[in-house]
Amino acid sequence: MNGLKYSPKMQTFLFSMFSGILTAYAFLERRAWFLCFFSLIPLFLVFLQNNNTELKKLQPIAIFSYSIFYYGPVLYWLYNLSSVMPFDGIMPTFILSLGILIIVIQNGLGLYISLLSFRHLRTGTAWDIVILACLYVLAEWLQEFLGFVAFPWARLSLSVTPWPLFIQSASVFGGLFISILLLLINGVFAFGIVKANSYFGILPLATERLSWKKEFMNLTAYIFIGVFLVGNILFGAIRGSKSFDDENSEAIEVLLVQGNHPGINKWQTSTIQILADYMDLTEDNVTENTKLVFWPETAVPIYIEEAFDEQKQLMDLCEKHNISIVLGSFSHKEVKGEDTSYNAMYVVTKDGISKNPYYKQKLVPFGEYLPFSKIFRKISPGFTSMLMEQLTETPGTETFPVETEYGDVGGIICYESIFPKISRESVKNGAQLLSVLSNDSWFGDSAALYQHHSQSILRAVENGRYVVRASNTGLTSIINEKGEVIKKVDALIGTTLRSEIKFYNHKTLYTRIGDVIVIPGICLIFAAIIKRIFYRI
């Protein structure tokens, strides 16, 4: 780095590590969410201050040190899943450590591959900020489409959900657009530091003064970025004050039940007792105005289609109070002559249970199914057979809302809420309300509990829908179409939440067009490839 006395590799490592730690802290400490507006400045400095020859050597250090210190701490909560895994000893810790390592590596690899193009596209001006932002977000988008390790949990946009005004444009271009805005803000600060250092030389950065042509390009980039940032705030203010009611937007009262049966205790408690607890909470808190009641994922851990006594109790409760109950349960279904098991969402009325439940599509690896079962069977047939007997869930293949008397409800079961595509397709297919039925008991009261809840906030804004979130131990909440938490109850207590919600028919632009915001990143990569080919010729 132009004769600097200390190691460029060490500086790159420290800068990137610092970015990773700050960004992780913005996720882990709810009161520090604002750090997301500054946390990526050191990482940007690595890319902006080094020439292509240096960057070729330093980029792997930058990306993987950032990924380790960002994704590692944010995903540490996955170790809590050991309590629900079907085996004891050191094996759960080993498997979860392997899972975290795979996710960190694949996220880092995605960033590395995407940002490789930057060296062939850089302009040496503020437009590099835009290029980096588009390439980074392309890597975030790919996290949703990586098979069993697809885990788009820690996208940058999640950190800023405490500020509803800032995230309203997710209804136009999705949560990834919010990530781009955060990256642009960080990039502007970083570029300002680089530019100031070219005049004053205060910091140990390799910088140089720009020609008037590049200064003009800087100006155009600043205007471009400024339009997006100012426009985002104005759009947020306008959308935040707008009413989305239409002729079918009559408010109805709903009741959400949080039974508080933590993880392992749930499987040790009798089905009769769990059902009694949920029915008592419903009975004690329902009013004559209540129309819909929501119970969490597998609220009663039975195959409800075969549990006729339990069906009768639920139907009697619905008839007594003139309500419908949306709940999570297990389901059997014969597919190609084989009996399959599903994690499902049902609607129960006085006339019976729904004949066409929604089946959970995104299953928890090693918690609900065994990935790479053929490979595991070759390595350890006995151990694999034991696992296969307990991990029997089958993923659903269709996205559709379930029908109720008051409107169509889109089903999102547990960590499906981190996949924007499922919510978007559900609304495209007619969902007027989104229902997140979850079992977050293994989170306890950790930061992961609130991170998972923030996913529902983004899904509400993206699709312009109320989200009712019924969780076994919390957080249970109601979120409106603007991402505002209307009501929320504390975690780790048995309680209920009652409020009014609305069913909507309109569709946001994001619901209609999806993640088109990644197209610029894709085009940039193709441009880099073409430029590289012609450069060689």
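Placement of Cβ uses the backbone N, Cα and C atoms for every residue, glycine included.
Taken from TrEMBL, the feature domain 'CN hydrolase' applies to 257-518.
Annotation comment: TrEMBL describes 12-27 (among others) as transmembrane segment.
Same-chain neighbours of the transmembrane segment (32-49): 1, 12, 15-16, 18-20, 22-23, 25-26, 55, 58-59, 62, 66, 115, 118, 128-129, 132, 156, 159-163, 182-183, 185-187, 189-191, 193-194, 205-207, counting only residues six or more beyond its ends whose CB sits under 8 Å from a CB of the stretch. The annotation transmembrane segment is assigned in TrEMBL to 32-49 (among others).
Within the chain, the transmembrane segment (61-79) has long-range Cβ neighbours (under 8 A, six or more residues past its boundaries) at 9, 12-13, 15-17, 19-21, 23-24, 27-28, 43, 46-47, 93, 96, 99-100, 103-105, 107-108, 111-112, 115, 151, 153-154, 443, 446-448, 451. According to TrEMBL, the feature transmembrane segment maps to 61-79 (among others).
The transmembrane segment annotation in TrEMBL covers 94-118 (among others).
Residues or ranges marked as transmembrane segment in TrEMBL: 130-154 (among others). Long-range contacts of the transmembrane segment (130-154) within the same chain, counting only residues at least 6 positions beyond its ends with a Cβ under 8 Å from a Cβ of the stretch, are 27, 44, 47, 70-71, 74-75, 99, 102-103, 106-107, 110-111, 113-115, 117-118, 121-123, 176, 179-180, 183-184, 187, 221, 224-225, 362, 365, 371-372, 418-421, 451, 515, 517-518, 520-522, 524-525.
Look at TrEMBL and you will find 166-194 (among others) tagged as transmembrane segment.
Marked as transmembrane segment by TrEMBL: 219-238 (among others). Residues of the same chain lying 6 or more positions beyond the ends of the transmembrane segment (219-238) and with a Cβ under 8 Å from any Cβ of it are 125-127, 129-130, 164-169, 172, 181, 184-185, 187-188.
Annotated transmembrane segment per TrEMBL: 509-530 (among others), in sequence order. Residues 114, 116-117, 120-121, 131, 134-135, 137-138, 141, 170-174, 176-177, 180, 420-421, 424, 427-428, 462-464 of the same chain sit 6 or more residues outside the transmembrane segment (509-530) yet have a Cβ under 8 Å from a Cβ within it.
Packing against the transmembrane segment (12-27) from elsewhere in the chain are residues 33-36, 38-43, 45-46, 58, 61-63, 65-74, 154, 156, 158-159, 447, 451: each is 6 or more residues past its ends and has a CB under 8 Å from a CB in it. Under 8 Å from some Cβ of the transmembrane segment (166-194) lie the Cβ atoms of residues 36-45, 48-49, 126, 128-130, 132-134, 136-137, 140-141, 155-160, 203, 205, 207, 222, 225, 228-229, 232-233, 235-236, 239-240, 420, 457-458, 461-464, 482-483, 508-510, 514-518, all in the same chain and six or more residues away from its ends.
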